[in-house]
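Enquirer: One structure, pasted below without further comment.
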Amino acid sequence: FNVKGFGLSYNFYEKSCPQVEDIVRNGLQPIFLTDPTSAPALLRLMFHDCQVQGCDASILVDPGNGNEATEMASSKNLGIRKREIVSMVKSMVEAQCPQQVSCADILILAAREAVAVTGGPRIKVPLGRRDSSHAPSHRLPDALLPPATAGVSEMLNIFTNKGMNLEESVAILGAHTLGITHCSNLQNRLYSRNNDELGGMEPGFAAFLRLTCPKGPLTSNLSFVLNDPTPFSFDNEYYVNAMRGRGVLKIDAEMVSNPKTAHVMKHFSMNEADFFQAFYSAFVKLSRYGVLTGKQGVIRKNCNQLS
C-alpha cells in the first residue's frame, strides 16, 4: 500500500528499535490468553483514537491536575476500555528502546495484534507516527465520532474522507464482528415511534433485543448485547448475521437494504477471504489518517501523560 507522503514507512524502527513488533506481540500474548475481551477493546480504542484528530494516541491521555475534560469524558467513548494495556506495553518498549517508539505506533500495533489473534488477517502496518502534544477536549469526539443512529450515507462519507473506497468502507465496519454493543446505543432504535428503525429486522431478534435491553436509563450503561454469535472471533459472521435480519445497530441493518452497499454486504457474507483483504487495506488507510510525523508532535514517555 502506497504510504509515500505520509512520513510513515515499513522499516521505520529498523535501526532505532528493530525488535519493537516482537516486544508488542509478546507483551500482549498473555493478556489475550487470559482476557478475551481485551482484543475487541484494543481494536475499538484504535478506531476511536484515529477518528478524532488522527492516530496520535490522544485518547490515552488522562485529565491533568485541573478539571480538563479530555476525550474520555465524551459520551461517545462510553465503554472504551483497556487503555492501560497500551501503557503497559509502552513501558516494555521503553525498557528496550528508550524514547524511540510513540504510543500512537504501539496502539496501532496492539490493534493489529488484536485482529490477528482473533483469527483475522495479519496486517503489515507502516510506522513512524508521533504522539499529540495536547489533548483535545471531550467536545471533539462528541462532534466527530458517529452516533449510534448514523445511517449509510453518513458512514460512507466518514470513511471516504479517509481515502477508502466502497468495499473498504463496508469492510471497516466489519470490525463489529468483535465485541459488544451497549444497550444505551440501541434505545432509540428499539423504542422509537418510527417503525422504520426496525425495518428488515427479524421479529424474534427484535424481541430478544428488547428483552435484553429494557426501556429506560437504569440498565442502559451496564447492559449489552453481543455484536454477532462469535464475539471473540474475527470472521465474516457480522455480515452473515446482518443478511439474516440480525444487525444490531441501525447501520448494520441499513447496509443490507441500501442499494449502494447491499451487494458488498452479500458478497462479504459469502466470501470471508475478500472481506479480510478489504479490511486489511481499510485498516492501513485508517491507521495513517491524520498522523503526526517527522518533527511534529512528541514521543511521550508515558502514554497517559502529555509531559
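Positions of Cβ are set from backbone N, Cα and C atoms, glycine also.
Remember, TrEMBL labels are computer predictions, not curated facts.
What TrEMBL lists as active site, proton acceptor is His48. According to TrEMBL, the Ca(2+) 1 binding site annotation covers Asp49, Val52, Gly54, Asp56, Ser58, Glu71. TrEMBL lists Pro146 with the feature substrate binding site. Taken from TrEMBL, the feature heme b binding site applies to His176. According to TrEMBL, the feature Ca(2+) 2 binding site maps to Thr177, Thr230, Asp235. Annotation comment: TrEMBL describes Cys17-Cys97, Cys50-Cys55, Cys103-Cys303, Cys183-Cys213 as disulfide bond. Summarising the annotation, TrEMBL assigns domain 'Plant heme peroxidase family profile' to 7-307. Here TrEMBL flags Arg44 as site 'Transition state stabilizer'.
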Enquirer: Nearest to Cys303 (disulfide bond) by Cα distance: which of the binding-site residues Val52, Thr177, Thr230 is it?
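Expert: Result for Cys303 (disulfide bond): the nearest of the binding-site residues is Val52.
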Enquirer: Starting from each candidate's C-beta and looking 10 angstroms out, tell me which of the binding-site residues Ser58, Thr177 has the most other C-beta atoms.
Expert: Thr177
Enquirer: Spatially, and counting Cα to Cα, which of the recorded positions is closest to Asp56 (Ca(2+) 1 binding site)? Options: Cys17, Cys103, Pro146, Cys183.
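Expert: Nearest listed residue in space: Cys103.
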Enquirer: Which one is closest to Asp235 (Ca(2+) 2 binding site) in space, judged by CA to CA distance, out of the recorded positions Cys17, Cys103, His176, Cys183, Cys213?
Expert: His176
Enquirer: Please identify which of Asp56, Glu71, Asp235 has the densest Cβ environment, defined as other Cβ atoms within 10 Å, among these binding-site residues.
Expert: Asp56
Enquirer: May I ask which of the binding-site residues Gly54, Glu71, His176, Thr177, Thr230 is closest to Cys97 (disulfide bond) if we compare their C-alpha atoms?
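Expert: Given the candidates Gly54, Glu71, His176, Thr177, Thr230, the nearest one is Gly54.
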Enquirer: Please name which of the recorded positions listed here, Arg44, Gly54, Ser58, is nearest in space to Thr230 (Ca(2+) 2 binding site), Cα against Cα.
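Expert: For Thr230 (Ca(2+) 2 binding site), the closest Cα among Arg44, Gly54, Ser58 is found at Arg44.
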Enquirer: Quick one: Cα separation, Cys17 (disulfide bond) versus Cys183 (disulfide bond), in Å?
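Expert: Roughly 43 Å, rounded to the nearest whole number.
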Enquirer: Check the Cα distances from Arg44 (site 'Transition state stabilizer') to each of the recorded positions Ser58, His176, Cys183, Cys213 and keep only the ones within 10 Å.
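Expert: So the list is His176.
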Enquirer: For each of Cys50, Cys97, Cys103, Cys183, Cys303, count the other CB atoms within 10 A of its CB; which of these disulfide-bonded residues has the top count?
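Expert: The residue with the densest Cβ neighbourhood is Cys103.
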Enquirer: Counting Cβ neighbours within 10 Å across all chains shown, tell me which of the recorded positions Cys17, Val52, Cys55, Cys213 comes out on top.
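Expert: The largest 10 Å Cβ neighbour count belongs to Cys55.
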